[in-house]
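The next block holds one structure in the form of structure tokens; read it before the comments.
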Amino acid sequence: MPHDFATDAEAERWHYRPPEPVRLNPLFDWPPRPAAILHWYRGAWLMLTALTIPLLIALVIWAFVLPPLEQMQSFHISWIATVWLMNVIPQTLIAGGLHWWLYMRKGQGMRKKFDKRDLTRKNGTFTFNNQVLDNIWWTLGSAMTVASLYQCVIYWVMANGWVPMLSFAQSPLACLLWMALIPMWSGLHFYWVHRLEHHPKLYKHVHAVHHRNVNVGPWSGISNHWYENFFYFTTYFIHLIIPSAPLHLLFHSYFQQISPVFSHCGFERLIAKDTEVAKSGDFFHQLHHRYFECNYGTSEIPFDKWFGTFHDGSAEGTNRTRAHKKQMYTR
Ligand SMILES: [Zn+2]
Ligand SMILES: [Zn+2]
């Protein structure tokens, strides 16, 4: 059912709010709804989305840039620098490009923008007193360093044959299935790491860096404290447990690093002229930044619904979140 805008106090808190409550992956609904599941996955995989854009980048980098595994048997600055650039350049192009289009050139004005406010300048909460510079530093400094470090270790272990691997030539179906499951693994890992980070002590010293951003922008996506990144990117080590090919790690990396750029960009859709080019923002996570103690996971696996922390954007959702917060802090 659409929100009742006339009676819903939530409506005026946003510049734009999706007319329908936030949806979760229907794969977990009972009784099964095959048409809804098909619609969900078609929307995710057959359009330009926070899923398919990382996949396209992974394919290009895999075909033209990734050094051969034989080179990675021992650590050498040339391939380590390549891996670092493989992270930094796409991240800068996508986050910088979106920031330019949405917040500097204001290419689509306020259309589909969730928050009424612009990004913050001259604010002592942020490193360098500036939200964008703060976010760029934590992304390119902290996140890219930790992500590159972990990836180098995994490529090095793979190159030395110390873990079993998959090959697209020998087991294409298993490879494709594992590619399709990576976002789900990422969502599962993220939910638990993120819940841990909301433990009051960790929150105060670590995760608060990410939550400086109530009104989020493209560079906020992985603008995380060093310690948070040490946890957040452990998701990649699954490739040392579940047999993978280098392309799996590549897709996982861009999904983990670039999809948050879209989900934090603050706009639900990207519009050029009058055409919607891509699905971008994620109201589910925008609500997390506004109300904090809700929507810890992603809409891919409905952990929040199962554990009673789901906020669907409605006024009831806000009341539920407030009650949950009260109970959290008075225990
Ligand atoms: Zn959080
Ligand atoms: Zn966030």
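Using the three backbone atoms N, Cα and C, a Cβ is placed for every residue, glycine included.
Per TrEMBL, transmembrane segment is recorded for 43-65 (among others).
Proximity of distant same-chain residues to the transmembrane segment (77-103), defined by a Cβ-Cβ separation under 8 Å and at least 6 residues beyond the stretch ends, is recorded for 53, 57, 61, 65-67, 71, 113, 118-119, 132, 136, 139-140, 144-145, 147-148, 151-152, 155, 217-219, 221, 253-254, 257-258, 261-262, 265-267, 270, 280. Summarising the annotation, TrEMBL assigns transmembrane segment to 77-103 (among others).
Taken from TrEMBL, the feature transmembrane segment covers 136-158 (among others).
What TrEMBL lists as transmembrane segment is 170-193 (among others).
TrEMBL lists 181-309 with the feature domain 'Fatty acid hydroxylase'.
Long-range contacts of the transmembrane segment (230-251) within the same chain, counting only residues at least 6 positions beyond its ends with a Cβ under 8 Å from a Cβ of the stretch, are 54-55, 58-59, 61-62, 66, 69, 143, 146-147, 150-151, 154-155, 157-158, 163-168, 175, 178-179, 182, 185-186, 189-190, 193, 196-197, 222, 224. Marked as transmembrane segment by TrEMBL: 230-251 (among others).
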Local confidence of the prediction over the domain 'Fatty acid hydroxylase' (181-309), expressed as mean pLDDT:
95
Can you break down the domain 'Fatty acid hydroxylase' (181-309) into helix, strand and coil residue counts using DSSP?
78 helix, 11 strand, 40 coil
